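> Pasting in a structure now, in structure tokens, and then I'll have a few things to ask.
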Amino acid sequence: MPSAFQLQCHLVLIFLAASKGETRYLEMRDAGEDDPFLLLSEDLKRELSAGQIYRRSLRCIDMLSIEGQFTFTADQPQLHCATFFIGEPEELITIHYDFVNIDCQGGDFLKVFDGWILKGEKFPSSLDHPLTTSQRYVDFCESGTIQRTIRSSQNVAMIFFRIQVPGNGFTVTVKKSSNLFPCNVISQTPSGRFTMVIPHQHRNCSFSIIYPVVIKISDLILGHLNGLFLKKPSASCAGVGDFVELLGGAGLDPSKMFPLADLCHSFHGSAQMKIGCDNTVLRMVSSGKHINRVTFEYHQLDLQETETRKENSIEEFCFPSI
């Protein structure tokens, strides 16, 4: 059976990849009820391509992967609500308050968080985000009209809110913009291919896949400067300013996961690892002195997959929940 972490994630991380037609989630309601996670039909795709703005109401716990205007109206006191936004890896998310009617003095709140937070664990972690934890929260009750538009630093963001008076609520418009150098990413799907590039920036970037996966690194360039590869020590990655690490764990925060492997040598070829953890993260640490790049692909680990591969691989660390 899935772990508690996966059950919670599957309730809010639908990873529907609407344009790809994928739907993978744990149903919260009867099959006859309307889908709370926006499966894009062909008619809706045609409407959106014609330039129309998509509009719908929000539920107390919701997930969005599409641009549009969204409204929440409380039909009863709602004390613990959240909406999770996700885009493609190369997208940033902008949330704009069109209308807000809440009772800040009476204990209501409406906050945007730059990233995702679940059970106290954050993505990106505090080690990987350019802002401090306090700066990642934007509280409408404190900022009001001063900051009605908030843009994320990566492809995920969220709002969480408490509205106690029936009839009160808010409306937001969600848009996406291009990110030339995606850094911290949560994958919408259990399989894919991605190239992460950090161009002379002192930062850490994590790519999170909330599935047990087989991950294969096919190209790694570290310490690339003026067309030359800098020689790295042969012992380990200890003390090296630029390296890639693979992490596995049962939570959302990469800084709380188990280190599975370190890679601090440039190579062209294939390095593969089977990771049966609930969450797999590829994390690049960059000193800012060089242009670093890593290309990798991944697919969901088959529970029946037991065959030992003869190619360059690293033994699996943890196994999927049974």
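Placement of Cβ uses the backbone N, Cα and C atoms for every residue, glycine included.
Computed from a predicted structure; not experimentally measured.
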> In TrEMBL, C264 is disulphide-linked to which residue out of C237, C277?
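Among C237, C277, the record in TrEMBL lists C237 as the disulfide partner of C264.
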> Mind checking which of C60, C141 has the disulfide with C104 in TrEMBL?
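Checking TrEMBL, the candidate bonded to C104 through a disulfide is C141.
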> In TrEMBL, C205 is disulphide-linked to which residue out of C183, C277?
C183
> If you average the pLDDT over the domain 'Corticotropin-releasing factor binding protein C-terminal' (185-306), what number do you get?
84
> Please report the distance from the Cα of C237 (disulfide bond) to the Cα of C277 (disulfide bond), rounded to the nearest angstrom.
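Here the two Cα atoms are 23 Å apart.
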> I need the nearest neighbour of C104 (disulfide bond) among the disulfide-bonded residues C60, C183, C205, C264, using C-alpha distances.
C60
> Any same-chain residues 6+ apart from C205 (disulfide bond) with CB under 8 Å of its CB? Would you list them in sequence order, or say none?
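Correct list: D128, P182, C183, N184, M196, I198, R283, M284, S286.
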> On a simple 10 Å Cβ count over all chains shown, which one of the disulfide-bonded residues C60, C104, C141, C264, C277 is most densely packed?
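Comparing the disulfide-bonded residues C60, C104, C141, C264, C277, the most crowded Cβ belongs to C277.
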> Can you count the other CB atoms that lie within 10 A of the CB of C237 (disulfide bond)?
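Excluding its own Cβ, C237 (disulfide bond) sees 20 Cβ atoms within 10 Å.
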